[in-house]
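So that you can see what the record holds, here are the features copied from Swiss-Prot:
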BINDING   Cys5, Cys24, His29, His89  Zn(2+) binding site
MOD_RES   Ser14  phosphoserine
BINDING   Thr99, Tyr118, Gln119, Asn127, Arg132, Ser155  DNA binding site
ACT_SITE  Cys149  active site, nucleophile
REGION    192-216  region 'Disordered'
Amino acid sequence: MDKACKMRYKTMDSPLGKIEISGCAQGLHEIRLHDRKTPDPGPAEAPAPPELLGCPEEMTEPLVQCVAWLDAYFREPSVLPGLPLPAIHHPIFQRGSFTARVLRKLLELVKFGDTVSYQQLAALAGNPKAARAVGGAMRSNPVPILIPCHRVVCSSGAMGNYTGGLATKEWLLAHEGRLAGKPTYPGGSYLAGTRRGALGGTPSPHPAGRDGCVRE
């Protein structure tokens with residue numbers, strides 16, 4: 001984080017519990033799930049409009065855009081392709097690391113309704129043998145849901161791991177119309193369209209398992 005960053009925080013309700021968004025005027029720093037509740041696995045009514053905690057005058061443009069994006073994600077996903085993605089200003093994206101490349105490719109290419117395997121994402125980031133390093137990149141993701149690490153699954157179709165818990169990953173994929181099954185990337189996206197830009201180490205040599213799933 002730059003010394004010049006003046007941090008702002010916003011909390012909103014969601015079907016997954018309270019979500020805290022932090023960032024500065026230049027972009028988002030983190031999205032965190034707090035007081036996580038067990039998602040209802042069955043069909044649910046659309047959530048109520050987000051309850052925002054904090055003073056509106058403290059909202060920077062990236063925070064405003066992030067709240068609008070998350071609200072649309074949970075309530076009306078069909079409008080997502082027309083929404084701008086908030087800028088991201090986390091230090092991880094200010095380095096030319098493999099992790100940064102992986103997260104950028106995931107954000108740019110794997111859309112709502114698609115899934116991608118660890119091995120596919122490693123190849124998209126320029127190193128097809130670095131599936132295990134992709135797992136590490138997912139654990140380092142500072143802005144989950146926005147950068148959709150929940151869409152990264154095993155090539156066998158197994159769910160794989162998720163920092164937010166498997167119940168949350170399963171709920172997010174079901175919300176996007178994806179149940180158990182092999183990765184759909186490339187193509188097959190539930191929502192088409194171009195998303196407008198959020199993002200203005202050495203990979204591990206260890207392979208993934210035979211089913212294409214990273215072992216953490």
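Heads up, the Cβ atoms here are built off N, Cα and C, so glycines get one too.
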Spatial separation of Ser14 (phosphoserine) from His29 (Zn(2+) binding site) - C-alpha basis, Å: 19
Rounded Cα separation (Å) that holds between Cys149 (active site, nucleophile) and Arg132 (DNA binding site): 14
C-beta crowding around Ser14 (phosphoserine), within 10 angstroms: 19
Number of other Cβ atoms within 10 Å of the Cβ of Gln119 (DNA binding site) across all protein chains: 22
The one of Cys5, Cys24, Cys149 whose CB sees the fewest other CB atoms within 10 Å, among these recorded positions: Cys5
Euclidean distance between Cα atoms of Thr99 (DNA binding site) and Cys5 (Zn(2+) binding site), Å: 23
Mapped DSSP class for Arg132 (DNA binding site), helix or strand or coil: helix
